[in-house]
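Copied over from Swiss-Prot, here are the features:
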BINDING   Gly43, Pro44, Ser45, Gly46, Cys47, Gly48, Lys49, Ser50  ATP binding site
DOMAIN    11-252  domain 'ABC transporter'
Amino acid sequence: MSMVETAPSKIQVRNLNFYYGKFHALKNINLDIAKNQVTAFIGPSGCGKSTLLRTFNKMFELYPEQRAEGEILLDGDNILTNSQDIALLRAKVGMVFQKPTPFPMSIYDNIAFGVRLFEKLSRADMDERVQWALTKAALWNETKDKLHQSGYSLSGGQQQRLCIARGIAIRPEVLLLDEPCSALDPISTGRIEELITELKQDYTVVIVTHNMQQAARCSDHTAFMYLGELIEFSNTDDLFTKPAKKQTEDYITGRYG
């Protein structure tokens, strides 16, 4: 299964192949990412799920030996064409990485930094944007009295929510999360999962996770990948309760991976 017919598509992947040098890492991937829903990518290490995620904002262009072939349509426009404005694409498609990566600056400036690249706001408007982003990331009440302290002064879970706030401050349309909870404790993980569920009201969210329970709790749709291939893509409840492919069933029941 490669299509999920529910909400309108925000991202459409068509015949996508990806290479690290001569290594064929993604093989003829086809799937639709639903707008304003959460889509999870699961599969064993090395299956290609993070590679696929990073094609959505062309992170691979930082590395000359990596290349993508096929189409990735964002609202109908193929982002893989050379005419695509990378800065504009990454404003539309934000990303949060596995380990919290606050900038070496204040909590306030962590949020304002990206906004300043794309918008010229008055101080009052910037203050409002910072509060809005931190509130969306469920971090405002914990930081409102120390906005000028370093982002490094926050706990790991708070730092990850700061990174999410930073990502949404420029008001993207899509938010990519690459194993955002793998370095966090269970309480922080629970807060991030609640946040992911809330964020889909305003954003299309795509998350890579090793944690199948997390995918089941957070996502509307789940893609199972194995050795660079998309094995199954379905509504999350269906994929975990009545998988269509034996490989999927074997993985979610712990028989391999």
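Using N, Cα and C of the backbone, Cβ positions are placed for all residues, glycine too.
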Env. residues of ATP site, Cβ within 8 Å of mean position of Gly43, Pro44, Ser45, Gly46, Cys47, Gly48, Lys49, Ser50 Cβ: Thr51, Met225, Tyr226
Binding-site residues: Gly43, Gly46 - member with fewest neighbouring CB atoms within 10 Å: Gly46
Candidate with the highest Cβ count within 10 Å, taken from the binding-site residues Ser45, Ser50: Ser50
Nonlocal neighbours by CB distance (under 8 Å) for Gly48 (ATP binding site), same chain, sequence gap 6 or more: Phe18, Ala25, Leu26, Met225, Leu227, Gly228, Glu229
Surrounding CB atoms that lie within 10 Å of the CB of Pro44 (ATP binding site), all protein chains: 14
Cys47 (ATP binding site): secondary structure state under DSSP, collapsed to three categories: coil
Site with most surrounding Cβ atoms, counting all protein chains shown within 10 Å, from the binding-site residues Cys47, Lys49: Lys49
